[in-house]
Amino acid sequence: MGLAMEHGGSYARAGGSSRGCWYYLRYFFLFVSLIQFLIILGLVLFMVYGNVHVSTESNLQATERRAEGLYSQLLGLTASQSNLTKELNFTTRAKDAIMQMWLNARRDLDRINASFRQCQGDRVIYTNNQRYMAAIILSEKQCRDQFKDMNKSCDALLFMLNQKVKTLEVEIAKEKTICTKDKESVLLNKRVAEEQLVECVKTRELQHQERQLAKEQLQKVQALCLPLDKDKFEMDLRNLWRDSIIPRSLDNLGYNLYHPLGSELASIRRACDHMPSLMSSKVEELARSLRADIERVARENSDLQRQKLEAQQGLRASQEAKQKVEKEAQAREAKLQAECSRQTQLALEEKAVLRKERDNLAKELEEKKREAEQLRMELAIRNSALDTCIKTKSQPMMPVSRPMGPVPNPQPIDPASLEEFKRKILESQRPPAGIPVAPSSG
């Protein structure tokens with residue numbers, strides 16, 4: 001006779017309070033007492049309401065039968081009690097084993113819950129890190145795009161600067177050509193002016209010599225013409241004529257009509273008498289022509305003096321123009337050289353600045369790539385840890401599942417926290433001293 005175990009009974013609950021053998025014996029004796037009470041009650045009722053004399057034998061037989069039944073029930077209950085005792089001992093041992101298993105499972109559950117909580121915290125950290133990594137990847141992408149754009153703009157600016165340099169070189173070559181031509185023309189003008197100056201100097205010397213000669217001749221003429229007096233000259237001529245041999249010879253000649261010169265003597269004498277006046281008129285004409293020549297020479301001298309002054313003024317003007325042109329050419333050449341030097345210096349400075357910016361951007365991109373590589377390594381480690389945690393949680397022997405709260409919504413990324421995260425990652429991934437760091441392939 002076995003002990004029936006119902007759903008929800010005392011044996012169906014695992015982890016209930018410990019119940020000893022007396023607990024079940026108490027119920028057994030209760031049932032036995034109840035049966036005895038019922039028997040006694042039946043006997044009392046039979047004795048009160050039944051026919052004792054008639055039914056004594058039958059009642060006795062029935063009582064014997066009931067006693068036998070009760071005895072058999074007692075034997076069955078005794079056997080059942082022994083079976084129950086055995087089962088109780090077995091159940092106690094099973095209970096102890098189950099309790100031990102429950103304690104082990106509880107410890108495993110606590111350990112798994114702690115691991116799950118740690119995994120949940122790691123999952124939250126991993127989620128936050130994913131946000132940071134997404135922000136870093138986006139910033140790296142933006143930096144790469146900006147670097148490409150800046151490379152394009154730098155190339156375009158460099159090409160434009162090269163074009164400007166070429167244009168400036170062409171303009172400088174043109175200006176140098178123009179300056180060379182201007183310089184050659186100025187040198188040619190200078191040479192022509194010098195030749196003209198030499199010619200002017202020669203002409204001036206010749207004119208000076210001619211002037212000196214004219215002055216000397218004028219002085220001689222003036223020295224000769226100043227003491228000349230017409231009346232005195234005529235008187236002197238007459239006296240000279242009277243004192244000369246010609247009148248005396250004419251007076252000594254006779255008037256022979258038959259002489260070949262007789263008829264001519266009167267005319268000759270008259271001609272000789274008029275000779276002083278004729279000589280005076282000739283001398284006067286000569287003096288007038290001499291005065292005219294002197295006036296003409298004076299006018300020519302004044303004209304030459306004026307031409308000399310004009311030539312000197314022209315020479316001074318040409319020298320001033322030459323100096324002015326030379327100064328302008330030198331100033332323009334200096335200005336062009338200064339402008340060319342300034343443009344070249346500006347182009348070199350802009351080129352150096354652009355090269356420096358490109359190097360800085362390349363270094364920054366290299367740092368971003370290194371950080372991204374480190375974050376990828378950290379992400380791989382976190383992923384492997386999370387997979388291990390999930391596999392551990394998904395294993396059996398999890399009697400109690402404690403639901404965790406929902407993952408908090410991600411907050412907007414703070415730049416300061418992002419920089420702090422980068423610093424922590426770099427510090428965590430920084431190798432110890434003496435160990436070389438392998439260069440990243442990115």
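Here the Cβ of each residue, glycine as well, is placed from N, Cα and C on the backbone.
Bear in mind that the values here come from a model prediction, so they are computed numbers and not experimental data.
Swiss-Prot tags one of the stretches 344-368, 394-418 as region 'Disordered', and that stretch is 394-418. Put simply, Asn113 is the one of the glycosylation sites Asn83, Asn89, Asn113 whose Cα lies nearest to the Cα of Asn151 (N-linked glycosylation site). On the backbone, the CA of Asn113 (N-linked glycosylation site) and the CA of Asn89 (N-linked glycosylation site) stand 35 Å apart. On the 0 to 100 pLDDT scale, the model's mean across the topological domain 'Extracellular' (49-442) is 74. Residue counts for the compositional bias 'Basic and acidic residues' (319-328) under DSSP (helix as H, G, I; strand as E, B; rest coil) come to 10 helix, 0 strand, 0 coil. When the Cα atoms are compared, Asn83 (N-linked glycosylation site) and Asn89 (N-linked glycosylation site) turn out to be 10 Å apart. Cβ neighbour count within 10 Å across all protein chains ranks Asn113 highest among the glycosylation sites Asn83, Asn89, Asn113.
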